[in-house]
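Feature list (source: Swiss-Prot):
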type	residues	note
BINDING	C17, C20, C37, H41	Zn(2+) 1 binding site
BINDING	C28, C31, H50, C54	Zn(2+) 2 binding site
REPEAT	172-205	repeat 'TPR 1'
REPEAT	214-247	repeat 'TPR 2'
ZN_FING	17-54	zinc finger
Amino acid sequence: MNVIYPLAVPKGRRLCCEVCEAPAERVCAACTVTYYCGVVHQKADWDSIHEKICQLLIPLRTSMPFYNSEEERQHGLQQLQQRQKYLIEFCYTIAQKYLFEGKHEDAVPAALQSLRFRVKLYGLSSVELVPAYLLLAEASLGLGRIVQAEEYLFQAQWTVLKSTDCSNATHSLLHRNLGLLYIAKKNYEEARYHLANDIYFASCAFGTEDIRTSGGYFHLANIFYDLKKLDLADTLYTKVSEIWHAYLNNHYQVLSQAHIQQMDLLGKLFENDTGLDEAQEAEAIRILTSILNIRESTSDKAPQKTIFVLKILVMFYYLMMNSSKAQEYGMRALSLAKEQQLDVHEQSTIQELLSLISTEDHPIT
């Protein structure tokens, strides 16, 4: 039974909705430790994150057992903290994935869950809360709730300002989200300032040619594209494409060499791998398909640039073991190369990609 009866709740105990913190009227029947104000929020949370972590919440929201020694108690506490850290990262990754897929409503419960565990583990004033605030801000922007997004961003900014040990990666995320806020408000001057800072801090943390830096270049390119400064936009889109090409081509070349032997020491086929988590894969799809759409709108002027992005997508989906998508983009690249009568070497390179895909024995996912 999902309904909560008020008289059955111990006196002084307040049960709150997992999504909005209003007084709870329902409980999840599967875990019995998660509460909701109504069916709408229960379904929203279930579809977003709760289904994936339902049983994992039970040991975190029930009393710790009695331990016979201090050593056992410390071990139990360490296990509890490890579970919390795992759920922080898991919920964060899922929320990021939803955002890159444009599912802003679904991202909110997952981001709230990540924030909730961060507060319990690190406290209310910790800089560790900032990534979760930024997820909630980005989700709010996607839903058109600019005032709410500003509140989350200012909370994140204030936390960073108070911190003495904030990482370059966190500074990068903060400036990227501030850039997105000002893009939504059509204040492109401020947006460019924050995205430039995003690129700087990301470069300090990961390097100028890292895929984690490419997001800043991409958003900056979008600003120049909207401002009709097409040469600047083109340069930055090319930069982003080259970063992703270098990353994916490295994985692709390693895999191609491995396939010469076909089998590993255990007699199993080598598995394709992008080296990315779910959120990064979703980000790659969003960035590369956006650039492809722009390239295709001007493919008559620079077909090589369109083919270059198509080849990146071929490698990406091949590494994801999605042969049908890889073949689709490969055929589009080959068709465009023939249509534009590009050199034979370009066509043969695409043919090699298609040949490797056609001999791949992995199932389509």
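Here the Cβ of each residue, glycine as well, is placed from N, Cα and C on the backbone.
A gap of 15 Å separates the Cα atoms of H41 (Zn(2+) 1 binding site) and C54 (Zn(2+) 2 binding site). Taking the centre of the Cβ atoms of C17, C20, C37, H41 as the Zn(2+) 1 site, the nearby residues of that chain (Cβ within 8 Å, site residues left out) are C16, E18, V19, E21, A22, A24, Y36, G38, V40. Comparing C17 (Zn(2+) 1 binding site) with C28 (Zn(2+) 2 binding site), their Cα atoms are 11 Å apart once rounded. For C37 (Zn(2+) 1 binding site), the same-chain residues that are 6 or more apart in sequence and have a Cβ closer than 8 Å to its Cβ are C17, V19, C20, A22, P23, A24, E25, R26. Here the zinc finger (17-54) has Cβ contacts under 8 Å with residues 1-4, 61-62, 87, 90-91, 94-95, 98, 105-110, 112-113 of the same chain, all six or more residues outside its ends.
Secondary structure by DSSP for the repeat 'TPR 2' (214-247): 31 helix, 0 strand, 3 coil. The residues near the Zn(2+) 2 site, meaning same-chain residues not in C28, C31, H50, C54 whose C-beta sits within 8 angstroms of the mean position of the site's C-beta atoms, are A30, V33, T34, W46, E51, I53, Q55, L57, in sequence order. Across the range of the repeat 'TPR 1' (172-205), the DSSP-based residue counts are 31 helix, 0 strand, 3 coil. Counting only same-chain residues six or more apart in sequence, the Cβ atoms lying under 8 angstroms from the Cβ of C31 (Zn(2+) 2 binding site) belong to C54, Q55, L57, I58, R61. Cβ neighbour count for C17 (Zn(2+) 1 binding site): 19 (other Cβ atoms within 10 Å of its Cβ, all protein chains included). For the binding-site residues H41, H50, the ranking by surrounding Cβ atoms (within 10 Å, all protein chains) places H50 first.
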